[in-house]
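Structure, as structure tokens:
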Amino acid sequence: MAMSDRLDLVNPSEIRKLFDIAAGMKDVISLGIGEPDFDTPQHIKEYAKEALDMGLTHYGPNIGLPELREAIAEKLKKQNNIEADPNKEIMVLVGANQAFLMGLSAFLKDGEEVLIPTPAFVSYAPAVILAGGKPVEVPTYEENEFRLNVDELKKYVTEKTKALIINSPCNPTGSVLKKKDLEEIADFAVEHDLIVISDEVYEHFIYDDVKHYSIASLDGMFERTITVNGFSKTFAMTGWRLGFVAAPSWIIEKMVKFQMYNATCPVTFIQYAAAKALRDERSWKAVEEMRKEYDRRRKLVWKRLNEMGLPTVKPKGAFYIFPRIKDTGLTSKEFSELMLMEAKVAVVPGSAFGKAGEGYVRISYATAYEKLEEAMDRMEKVLREKKLT
């Protein structure tokens, strides 16, 4: 199938559609887009200015600046217990989102299947389709905190299955995989000879004394894992567009070819700033301050949603919460439209994240505390007036 045909199979993100509608309305509180409301820490901006003054305005290596790859290797070893060679097992990208299409294109053949636990981030399935593969949804359930269960994976694996995508902490559910979960997933991947793409962009935003574990740190897993991460969420740098992957050298080699004829290279002065940021304690202090504030907001939204009659699992990570709206009698799309038009609150229908997301909506609490309070008041008022809970 030609790429043009594959593009016809991919639909625009439901999240973006909602965002575009909300942007044309007045007095809307958007709890839709998953973006930190914090500004990039000032010292990171200063590093970027420093790089510009140094003349770092030219092309860099396709694989990324050596200084940044070395800083990433240090971070992976210290924080994730992953040993990766910065010269051939780490690559810098123009945003972490690039990793899915580029990574899948490194090994996936036409018609091969990729298991995607759902509800899932909206970019996964389109990336599989554009790479020539077939996305296979594997449902996760509220009763298990939306954590992936290997017993479910066993129901969907076939001879055509080539890879598995995992996301912990998870967008949209906020679930966090336990070490035991990852060990079972790793055994499953080895048994079926699968490549694992592990999306860990929310790793620093975890709560209730939960710990983050990287599947690539487990014995025998680095050689079959593409670890995806970035700077957008960690340091509130979404507009800077910078991500990275750690993977076996044969995968990195192919991804570099993709980047060579696509973006060429990530922005040079931004890479300089990111390398400095990773080694600056002020950056990690800022991350912890953001985490604490997200936690405060999480507790507020979780409490209010349950009080207004929308049963909600308490998320352990990221900055999303996934309330159940089935008892209202509305579909997730109908519920989202009602909240946008009547309450002027933008939330994302769970159906945007796969079949398992129907009956839920995603709320981002990466929004000022006072706005969240107002949004909860508005939502509760509409639910009471319409007698939906």
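Glycine residues also receive a Cβ, built from the backbone N, Cα and C atoms like all the rest.
Annotated features in Swiss-Prot:
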- GLY34, ASN171, ARG362: L-aspartate binding site (BINDING)
- LYS233: N6-(pyridoxal phosphate)lysine (MOD_RES)
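Known features from Swiss-Prot, placed on the structure.
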{"residue": "GLY34", "record": "L-aspartate binding site", "Cβ within 10 Å": "21"}
{"residue": "ASN171", "record": "L-aspartate binding site", "Cβ within 10 Å": "25"}
{"residue": "LYS233", "record": "N6-(pyridoxal phosphate)lysine", "Cβ within 10 Å": "25"}
{"residue": "ARG362", "record": "L-aspartate binding site", "Cβ within 10 Å": "26"}
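The residues near the L-aspartate site, meaning same-chain residues not in GLY34, ASN171, ARG362 whose C-beta sits within 8 angstroms of the mean position of the site's C-beta atoms, are ILE15, PHE121, PRO172, ALA318, PHE319, TYR320, VAL348, PHE353, SER364, in sequence order. Within 10 Å of LYS233 (N6-(pyridoxal phosphate)lysine), judged by CA to CA distance, lie the following binding-site residues from the set GLY34, ASN171, ARG362: GLY34.
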